[in-house]
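Enquirer: Here it is, the structure in full.
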Amino acid sequence: MPPLSIADIAAALHGLSRLVRLDREGFDYFDASPTGLLKSFWVAVVLLPLYLLHLALDVLVLDIGAQVAVPRYVAVELIAYVIDWVAFPLLMLTLAPAIGIAPTVFRFLVPLNWMQLPIGLIILPLGVIVRLDAVPMDLAGFVGLMVVAASLVITALLARHALEVPWWSAAGVTILSFTISLFVNGIAFSLSGFQVPVA
């Protein structure tokens, strides 16, 4: 991946701050180009330590080692992490010329990747807290559900205004993104061999 400069980070964070206030000028602060898209995947690297902490707590708290080989579980989950990040952008780039969004697809994908930073900084620590039994499960589940719902709304808004498509098309893009993520993580869970204990 191309390196990120301080200017890149500052511009992206400023763009995020404007987009979360529903200011469409926030799109202008992102590098809507192939290089900008590659740079935006640094967000996945930034969030990786929190994800690794997730996996470590899975092994320690859920006693995954009693069911499956820990190296296998970690390897499958890390591969799924990478695929989950790249699958949707690759599909959108492939489909873009055919569905008429090639001129605006980077304007959508780059902010979408950067938007995963604040979302990840909420949802990943929340998962860590849940594994440590620091908050009631019901409360954590409710907060997690709200964050997921908010991320779907954000994706739809980004698609609507960045791709300049009707709301129904933006909803379709959002559903596609969510479905791919569910599919990737579902396959990873199956391949890992871990079974959730039944009370």
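Cβ coordinates come from backbone N, Cα and C, glycine included.
All TrEMBL annotations are machine predictions without curation.
Pulled these from TrEMBL:
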type	residues	note
TRANSMEM	41-66	transmembrane segment
TRANSMEM	78-102	transmembrane segment
TRANSMEM	114-132	transmembrane segment
TRANSMEM	139-159	transmembrane segment
TRANSMEM	165-184	transmembrane segment
Enquirer: Between the stretches 78-102, 114-132, 139-159, 165-184, which one has more Cβ pairs under 8 Å with the transmembrane segment (41-66) than any other?
Expert: 114-132
Enquirer: Contact between the transmembrane segment (139-159) and the transmembrane segment (78-102) is defined here as three or more C-beta pairs under 8 Å separated by at least 6 residues; is that satisfied?
Expert: no
Enquirer: Which residues of the chain, 6 or more past the ends of the transmembrane segment (139-159), have a CB below 8 A from one of its CBs?
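Expert: Here the qualifying positions are 19, 22, 108, 111-112, 115, 119, 122-123, 126-127, 129-130, 165, 167, 169-171, 173-174, 177-178.
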